[in-house]
Each structure stands twice: as C-alpha cells, then as structure tokens.
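Chemist: This is the structure I want to talk about, given as structure tokens.
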Amino acid sequence: MALALCPQVLCSLGGWLSLYISFCRLNKHRSYEWSCRMVTFTHGVLSIGLSAYIGFIDGPWPFTHPGSPNTPLQVHVLCLTLGYFIFDLGWCIYFQSEGALMLAHHTLSILGIIMALVLGESGTEVNAVLFGSEITNPLLQMRWFLRETGHYHSFTGDVVDFLFVALFTGVRIGVGARLLFCEMVSPKPKWFVKVGGVAMYAVSWCFMVSIWRFAWRKSIKKYHAWRSRRSEEWQLKCNGHLKTS
C-alpha cells in the first residue's frame, strides 16, 4: 500500500516544484524566498480547507476516533502535503534559510505523515494536526510579505500579528492539548504514534515561547510609543495656556 502511494507523492512533489518555478518566472524581480513563500501560502490555504472538510464534515472526528483506519480522502490529502513538506524541507536545507527548530518541525511532519500512510491508520489525528499547524501559516506569510513591501508597521500589520498570536495560542496550544490528551488516553493509536504527537506538541511549545516573547516586546514598544504621543499631545495642548499669577 505504501509503495503504491509513492507515485502520488512524487506527483505532489513535482506539482509544488512546478508551481515554485512558475512563481520564480512570474516574479523575476523578487527573491527566491518570495516565490517559495508564495508556494507555502498556497499550500497553507489549500491544506486548511481540505483538512477542515475532512475533520468537520467528512470525518471521523479526531477527538473521539484517533487511530481509525485512513479514509481515501485522508490519504490523498496526506500525500499532497507530504510532497509539499519534502519540497520545502529541501528548499530550506539548500538555501539554509531556517533554523534547527523549523527543520525539526518539517522532519517530524514528514515522518508523521509517512507513518500514517504506512500503517494505514491514524490519518484522522494526523489530519487534525495538519489543520492546527497550517491555520496560522497564511498569516505568517502575510506578515513576511508586509515586511518585504514596507507595509508591516501599519494597522494591517498589527491585525495580522494579533490574529497570528491568538490563533497559535488558541488552536495549536489550547486545542492541541485537548487532541494530545485524547490521543494518549485512547487504546487504538500505536505507542510510537503517541510519541510523535508528544514531539509535535513540544515543538509547538518551543515556537510558542518565541512568539510570546515577540508579542510582549511589541506590546511594550507600542505602549511606550502611545505614552510618548499622549505626553506630546498634552504638552502641545497646554503650551501657551498656562495660568500666570
């Protein structure tokens, strides 16, 4: 079964690579990273929609049926995503654009998807992890594009950052904890599948610490800027209107 899926994964890999080459040709004045992030944004939007449909409509529900046999739709989505992660990991290694934590996340994602495809089960929870992992991805790419085009320090940039931090905290950490608990207490999933879930959740917490530090620094900076503006406005308002005896 796993060998039979290899052509599907290779087609996915070829598709993402072709899309990257197309973006490079269409954006010759931009960097290679711009085109790669366009591919990442595309995959993020596509995987969110497909994994949401599987989890909320097609089923089964990951919180009650972890370790269930893979459905055909789950297999197709996992093959599509596996091809993307192989492409992106190769790109990151070649251009040395990411640190060890992101490479670890990509590696764990690849191993987790391969494990679900080889076992023929646990695609339900792997799909749920895919949804939780990718739901913040488009916002992350939008933040990078705003920086590159000089529009990050604006109201739009603030909204994107707020939504990113809120979704990451609520979904990847909050809902992710609930999913991991259901995975651990269920007798169906294999023990190494549970270990993989713990590893993925630990990586999410490593990202979360960095994100909270960033959010705290930005909040303090915004607060000081607001205090400075209020002080200047007060001085401007009072200047020339002070009472004299």
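Cβ coordinates come from backbone N, Cα and C, glycine included.
As annotated by TrEMBL, domain 'TLC' applies to 29-204. Annotated transmembrane segment per TrEMBL: 6-26, 38-55, 75-94, 101-120, 158-179, 191-212, in sequence order.
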Chemist: Counting only residues 6+ away from its ends, which parts of the chain sit with a Cβ under 8 Å from the transmembrane segment (38-55)?
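Modeler: Residues 16, 19-20, 23, 27, 61-62, 71, 73-74, 77, 80-81, 84, 87-88, 127-128, 130-131, 134-135, 137-138, 141-142 contact the transmembrane segment (38-55) from elsewhere in the chain.
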Chemist: State the residues, same chain only, that lie 6 or more residues beyond the ends of the transmembrane segment (101-120) and have a CB under 8 A from a CB inside it; answer 'none' if no residue qualifies.
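Modeler: Residues 1-2, 5, 69-70, 75, 78-79, 81-82, 85-86, 88-89, 92-93, 126, 129, 133, 190, 192-193, 196, 199-200, 203, 206-207 contact the transmembrane segment (101-120) from elsewhere in the chain.
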